[in-house]
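Novice: Take a look at what Swiss-Prot says about it:
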BINDING   E415, E422  Mg(2+) 1 binding site
BINDING   E422  Mg(2+) 2 binding site
MOD_RES   K114  N6-acetyllysine
MOD_RES   K156  N6-acetyllysine
Amino acid sequence: MSERETRGANEAIDFNDELRNRREKLAALRQQGVAFPNDFRRDHTSDQLHEEFDAKDNQELESLNIEVSVAGRMMTRRIMGKASFVTLQDVGGRIQLYVARDSLPEGVYNDQFKKWDLGDIIGARGTLFKTQTGELSIHCTELRLLTKALRPLPDKFHGLQDQEVRYRQRYLDLIANDKSRQTFVVRSKILAAIRQFMVARGFMEVETPMMQVIPGGASARPFITHHNALDLDMYLRIAPELYLKRLVVGGFERVFEINRNFRNEGISVRHNPEFTMMELYMAYADYHDLIELTESLFRTLAQEVLGTTKVTYGEHVFDFGKPFEKLTMREAIKKYRPETDMADLDNFDAAKALAESIGITVEKSWGLGRIVTEIFDEVAEAHLIQPTFITEYPAEVSPLARRNDVNPEITDRFEFFIGGREIGNGFSELNDAEDQAERFQEQVNAKAAGDDEAMFYDEDYVTALEYGLPPTAGLGIGIDRMIMLFTNSHTIRDVILFPAMRPQK
């Protein structure tokens, strides 16, 4: 047996011994009465204590004689004979407990407290003071074990480094890593701020079906399920777009939804099959209005959640206080591949040859517009580091967007990029029912030619358009990618609490 194998075997033995020891302690607790009490109440969290009392010195705290109660997980313990120091962690952070034998009821210190384990959840009551080093602490007069932890914290809780464990057992990650906890706190704040931003501008939050008979609103491969009572195959939605625009037809002129979409695609640092999107639709607006709204949204979120319009992501700093760059798709191709002959982008054969020369495999179902878009993706997208709007997307890759009045081969559409990745997609909506029917048919033809991501024909949506959709603009923003930016996270798994993972064998 190698040294590594020997060490691993010894660690397994130690773990099993500790597990058995903790279960024996729980068995003893059961014999004594209620093993999992639920009658302890706290009056402060750790962050509330720090915010309210950190500025006071020890003399002032002693004169005030402030009694508080807290509860949380015991993360560290230093036993020094008749007294100990404990670090207690709760939702707000950490607070130090000073536990002295003579300050507790008889027997509590030696017979109970010293037998507890790291990871146990405890309640404490006592008076506030500051140590000689100035650390706010609680001099405990009452200690109670509220939940016995049967499993030891990993690595004595010096940190959880195994990425697979972090994602599979997110509860351990949240216990172990301050950054992970803060990431999801920021996520929650951003979602709340988005809702406040939208409602303040007259938008109504709605909910639309997660299971659909016809998946629409995006080009993607859907998940399929079966409704037993209806004996009907259904699809987890890939986007809420068509239902939201039905609501605009019905008279709700400004609507938005923040919810999950599902796409049966690969997993990467940028992609999770289950992800969160915000989509919004506003009547009597065009894509220029959406560009202004998007800039304002990101600027507001940065200022309100982070306290600054400057956001650091890796080695880059994004200043959302400045106007964002705007380029057409063709301008971006020329900027990042200067040798491109722009005339090649107007001819199918020339564009196909150009695409193949830079490593793109051109599918039979692709037209000129799709090829130009793929060229843009290959040569320009990774360079769009600072906030940038790309406009003038080909109609072929924009089946739901309004055609441009001057050039019907392109649409009044933009995509929004930061850090070399797409964050949002918006456009003036196609509200010509006959044009929409033709584009749906083109998508059906593409699907028949082998494009698995082409859209289905949605007859009811065409019917809705026939009743009249007012001039409307719509925007979708990937919330997970947005959170990655605001938390300086470099994989989408770091911002989704429970990301998709291959089952362990």
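Note: Cβ is positioned from N, Cα and C throughout, glycine not excepted.
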Novice: For the binding-site residues E415, E422, which one has the sparsest Cβ surroundings, going by other Cβ atoms within 10 Å?
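Specialist: Relative to the other binding-site residues in E415, E422, E422 has the fewest Cβ atoms within 10 Å.
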Novice: At the Cα level, what's the spacing in Å between K114 (N6-acetyllysine) and E422 (Mg(2+) 1 binding site), rounded?
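Specialist: Approximately 54 Å lies between the Cα of K114 (N6-acetyllysine) and that of E422 (Mg(2+) 1 binding site).
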Novice: What does DSSP say about K114 (N6-acetyllysine): helix, strand or coil?
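Specialist: Its secondary structure by DSSP: helix.
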Novice: Determine the Cβ neighbour count for K114 (N6-acetyllysine): the number of other Cβ atoms within 10 Å of its Cβ.
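Specialist: I get 13 for this one.
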